[in-house]
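S.K.: Here's the feature list from Swiss-Prot:
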type	residues	note
DOMAIN	1-120	domain 'Topo IIA-type catalytic'
ACT_SITE	TYR81	active site, O-(5'-phospho-DNA)-tyrosine intermediate
BINDING	GLU167, ASP221	Mg(2+) binding site
Amino acid sequence: MDEFSENIERIALELLSNLVHGNATLSVPRNSSGNVISEYRRVSYNNRGSRHSFCVLIYMLSRVHRLQVRGGSFTVRGLYYDNPLLVRSQSRIAEARLDVCRMLRTSPLSLGILAASKGLVAGDLRLLMTNGDVLDSSLYGGPLTLPTDPEKIDRIETLAEFVLIVEKESVFESLLSRNVFGTFERRFILITGKGYPDCCTRRIVHRLTEENQLAAYILVDADPFGVEIMLVYRHGSKSMSFSSQGLTTPALRWIGLHPSEIPALGTGAVALVAGDNKKINDLLARHDLEPGVRQELRMLQDVQLKAEIESVIDFLTDDYIPNKINRNLFL
């Protein structure tokens with residue numbers, strides 16, 4: 001029996017022991033900023049406010065245990081439709097999946113319960129699947145949606161020299177429409193996670209840098225949320241700080257937009273709002289910030305302005321991206 005199954009059975013035995021004393025409670029670790037989780041929240045059947053969450057958690061644990069014993073996988077959507085009266089919404093399944101990850105200290109990919117992939121990719125990339133299928137991005141007329149389960153990718157083949165991640169789908173589509181592969185002299189792979197990336201997108205980027213030895217660059221908005229997205233790719237998600245193995249790219253190169261470039265944009269910048277400043281303070285409190293990233297966040301605080309990638313879209317493909325990559329202008 002594997003470790004996951006044993007941990008789930010341990011949780012079940014503890015719950016049964018508590019039930020003898022009339023206490024139907026599950027302990028779920030809270031988010032942490034490091035590898036040690038010391039705080040828990042109690043999800044109790046005895047409490048009307050958390051009774052539904054308790055039932056969905058039990059449902060999720062039972063399905064994960066079944067997967068570990070029998071093999072296979074479920075989708076978030078499939079789990080919802082298996083018992084819609086209990087679950088009530090797919091978002092409840094997504095929340096319970098993350099809670100189970102915290103309880104078992106693992107990533108969603110390891111559970112075998114999969115969410116639809118958000119990531120899009122274009123360029124020189126061939127994904128050789130374990131079932132024999134080949135997903136060749138160069139053969140598609142448009143972008144290729146990344147597979148839901150990246151662990152079913154047996155091998156990745158590419159002649160690309162690097163990976164370029166862009167924060168938003170709109171920028172991804174704009175670059176393709178401007179023939180970014182034709183105007184740039186070097187072969188590369190273009191990826192977007194459509195904002196905050198899912199585990200699948202982060203896993204693919206990790207594998208490209210580790211297995212294929214490609215450099216990875218990222219282009220995000222010059223605002224605190226863009227910086228946070230860059231940090232998710234680089235260091236992992238705060239909500240899953242307990243399990244980032246295979247999902248991070250520490251050597252990720254941030255080519256822009258840098259807040260220090262905002263003064264040169266002129267009319268392309270807008271004022272920060274209260275939520276932006278709160279996010280900046282949250283990010284500055286992190287202990288994994290590189291000095292250059294911290295300095296750029298301080299710049300945001302000083303100028304009280306932010307800018308989107310679209311503000312430089314007209315010269316992004318011919319000037320901005322090639323200049324940043326060829327001259328190593330990254331943080």
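Here the Cβ of each residue, glycine as well, is placed from N, Cα and C on the backbone.
Keep in mind it's a predicted model, so treat the numbers as computed, not measured.
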S.K.: I want to check the contact list for ASP221 (Mg(2+) binding site): same chain, sequence separation of six or more, C-beta distance under 8 angstroms. What comes out?
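M.R.: Expected: GLU167, LYS168, LEU257, LYS306, ALA307, GLU308, ILE309.
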S.K.: Helix, strand or coil by DSSP: which one applies to ASP221 (Mg(2+) binding site)?
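M.R.: Its secondary structure by DSSP: coil.
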S.K.: On the three-state reduction of DSSP, what should I expect for GLU167 (Mg(2+) binding site)?
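M.R.: The residue in question, GLU167 (Mg(2+) binding site), is coil (DSSP, three-state).
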S.K.: Any idea what the model's mean pLDDT is for the domain 'Topo IIA-type catalytic' (1-120)?
M.R.: 86
S.K.: Taking TYR81, GLU167 as the recorded positions to compare, which has the smallest set of other Cβ atoms within 10 Å?
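M.R.: Checked TYR81, GLU167; of these recorded positions, fewest Cβ neighbours within 10 Å: TYR81.
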